[in-house]
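The structure appears right after this line, and notes come after that.
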């Protein structure tokens with residue numbers, strides 16, 4: 001059945017179950033999250049154990065489970081169970097078990113028990129724990145202690161026993177935001193045709209899939225194959241159709257036989273006259289979908305032999321006496337009774353003979369069903385309960401409680417669910433008056449395979465997740481009132497599906513969290529809102545959020561909250577998010593394309609101490625820090641330490657913190673996580689940049705102190721292109737307004753930004769603006785670091801020969817540092833630095849030398865001001881041939897712009913009209929993680945690495961350790 005090959009002398013030590021019974025051995029089934037089909041190299045199928053090299057295959061996005069597309073029907077639903085919180089169970093009584101997966105081990109893996117090599121490229125061999133990564137031989141793994149401590153990643157692992165998810169029919173893909181872009185989520189049949197692209201889009205909306213913006217365009221292309229409606233929840237994330245033959249010529253033409261089947265055909269050419277290929281349908285459902293298995297039997301085969309082959313084709317292990325075959329093409333689907341039936345089956349021209357595999361209806365008025373305890377704390381894996389056509393679900397619950405030793409408990413507090421394991425996991429809560437044996441028999445009519453895999457589960461009626469189910473809702477207009485948001489959502493949902501609570505509301509982003517006390521109502525709201533649009537704009541973004549119980553996180557563990565910008569770095573973001581979901585708990589990994597950082601920060605809001613990993617460019621890091629500023633006061637941990645995987649173009653902050661110039665895909669993601677565990681915490685100064693437009697002429701102008709010098713009433717403007725502001729805060733406090741601009745009355749027009757890296761005025765901002773506009777017009781072309789940098793070079797060359805917008809910049813700018821007027825040299829650009837990296841790794845400040853300036857760093861409360869003389873000077877700085885002109889160093893900077901000048905804050909450019917600019921220390925703090933220098937190189941499979949070391953926190957550098965001058969009038973906010 002499963003192609004398992006073993007030495008005769010090794011047969012007694014076989015630990016791997018056959019795939020025909022593996023599904024029945026799983027106590028708590030968890031559905032896999034399947035990937036797109038493609039070719040995997042040097043991998044083996046976990047079902048048939050053959051190589052995957054020669055044909056298309058798929059893998060689970062959460063665990064290391066690989067299967068051929070045609071083997072997917074028989075995949076075992078034993079993915080990692082990532083949310084196992086049980087109320088009332090204390091942390092000291094929680095013991096996590098290894099989750100073993102056979103085969104496809106990493107290269108050079110060694111057995112944790114015997115220390116010998118346990119990997120091979122020849123077959124499916126060895127075992128690996130999906131949690132801690134421990135590897136061992138098949139015979140050795142049964143001797144390893146069952147408790148798992150998550151290995152080297154324990155200090156940052158979000159333990160499953162601290163996570164709960166609502167007990168709903170919403171699949172895991174919809175909760176964690178796995179991007180399923182396959183078209184096989186639709187049934188490929190020759191019936192109903194989807195003739196317009198809008199039909200596919202509407203079908204995909206009905207699925208529990210969060211499609212990113214980058215994928216929506218793919219759903220608008222004309223469809224070539226005929227697609228029908230989406231499958232039910234049990235099927236929509238599976239492409240099991242391709243595992244069976246389709247009764248259509250179109251399928252045979254588009255799917256030529258594999259190399260193995262062609263070879264078999266050649267080898268059996270002589271014998272083919274004496275054999276017959278018969279199509280076997282396992283029920284009415286498979287006939288409707290025109291999906292079947294084929295068996296090859298001798299033409300003189302007996303009825304018992306044909307029946308045995310048919311049961312084996314569908315991995316049915318029940319007694320053959322309970323089944324019979326019926327002739328599909330006979331007038332009334334007659335029961336096959338002939339002792340040698342092969343040559344007497346009815347046939348249609350051009351088609352093979354076909355039979356139904358049926359359950360004997362009249363002879364089966366009673367039987368036995370298995371009842372599993374689910375999350376109930378009992379020692380038995382399951383119990384067998386006899387039932388007949390009079391037995392009800394209530395009788396089944398009472399008898400199961402008695403057999404589990406829970407007869408003292410009230411049966412009214414429990415419920416029974418029907419769970420199907422065929423092509424996923426589907427759960428349906430049964431009513432007390434339903435009859436279990438009738439359910440089994442009806443399921444047998446639809447599909448013998450589904451009947452074989454169906455289970456009854458006993459559960460408490462009370463959901464361990466609790467009464468509150470949180471939905472994150474985004475893509476609404478920003479900055480509306482709470483009442484307006486409530487009215488908009490109520491219009492979409494209706495009064496029957498209205499939420500019980502709204503909040504927190506993230507006004508600046510048009511996002512919020514709504515809470516339900518009824519899970520059924522929450523699921524209806526989820527699907528209703530997903531298909532809703534506000535004012536015919538983009539659809540609403542809706543996510544069902546898990547819940548974390550902070551008391552179940554062990555002491556010393558700082559869970560890592562991972563944010564991945566999948567649009568950064570080409571395809572590297574997609575590769576990283578897939579790797580992190582396998583290495584960590586998928587509920588701690590968030591795709592920034594689905595709601596940004598806010599959903600993840602909300603889920604982690606009650607954890608007192610955690611870390612953040614941001615995978616993206618400098619803009620992505622600023623985005624995450626901005627959201628932290630907005631939600632910090634509502635969280636237990638207001639300033640978690642942030643690490644970086646650089647996926648952008650410049651990656652200046654990542655360079656300063658030693659995370660590298662850019663992730664290339666060559667480094668093992670496991671090593672990245674190890675570096676984060678060992679990294680030291682360090683503070684990053686953040687600065688407030690305030691733009692205050694000039695006063696009206698009748699208000700008078702005036703020089704010093706940043707009062708603004710006359711001129712027209714121009715406002716802060718931009719290029720007209722949509723630009724993302726790293727942080728914008730309205731000036732509301734009178735004391736702050738006075739500190740920013742003395743004597744000003746135009747406070748409503750002030751705009752405030754938070755700066756993390758640098759602030760540029762003049763030529764560098766002009767170049768940045770041209771690049772920004774080009775990327776806005778053709779975003780699809782700017783997916784490569786090399787291409788982005790080449791565009792910068794081309795634009796710089798054009799600036800050299802074209803008109804100079806920033807000529808004589810020193811005449812248009814007035815600069816004060818720490819209250820002292822600074823005379824500017826003849827420059828075309830001014831750069832104010834917080835970190836010593838700019839323009840993809842260049843250091844404009846230059847190396848330390850003997851002058852009046854102190855040695856700078858990014859936690860000393862000081863900014864460095866440098867000047868550039870033109871485009872050529874910029875190129876020389878980036879090439880490392882020259883440094884910029886050192887102008888000043890201080891903690892409080894005031895600038896007056898006399899004309900329209902390009903400016904940029906952390907890479908976000910625009911053209912600024914005349915105004916006063918103030919740069920001062922911000923009270924918004926950021927704690928960053930700095931990679932240790934010269935880390936030891938370690939092997940992935942070293943057994944000693946499986947024991948996690950203690951977490952040592954490096955104390956933060958003191959902010960008052962510097963000896964730089966400070967201005968007593970500085971204002972910090």
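All positions are counted from 1 along the displayed chain.
Backbone N, Cα and C define each Cβ position, glycine as well.
Curation plays no part in TrEMBL annotations; they are all automatic predictions.
Residues or ranges marked as compositional bias 'Basic and acidic residues' by TrEMBL: 257-276.
Per TrEMBL, compositional bias 'Gly residues' is recorded for 700-713.
Annotation source TrEMBL lists domain 'Phorbol-ester/DAG-type' at 31-79 (among others).
Annotation comment: TrEMBL describes 97-148 (among others) as domain 'Phorbol-ester/DAG-type'. In the domain 'Phorbol-ester/DAG-type' (97-148), helix, strand and coil residues by DSSP number 4 helix, 12 strand, 36 coil.
Summarising the annotation, TrEMBL assigns domain 'Ras-associating' to 365-463. In the predicted model, residues of the domain 'Ras-associating' (365-463) average a pLDDT of 85.
For the domain 'RRM' (469-547), the number of residues in each DSSP class (helix H, G, I; strand E, B; coil) is 30 helix, 26 strand, 23 coil. The domain 'RRM' annotation in TrEMBL covers 469-547.
As annotated by TrEMBL, domain 'DAGKc' applies to 555-693. Counting residues of the domain 'DAGKc' (555-693) by DSSP class, helix then strand then coil, yields 53 helix, 32 strand, 54 coil.
For 218-276 (among others), the entry in TrEMBL reads region 'Disordered'.
If you look up TrEMBL, you'll see 693-724 (among others) marked as region 'Disordered'.
According to TrEMBL, the region 'Disordered' annotation covers 935-973 (among others).
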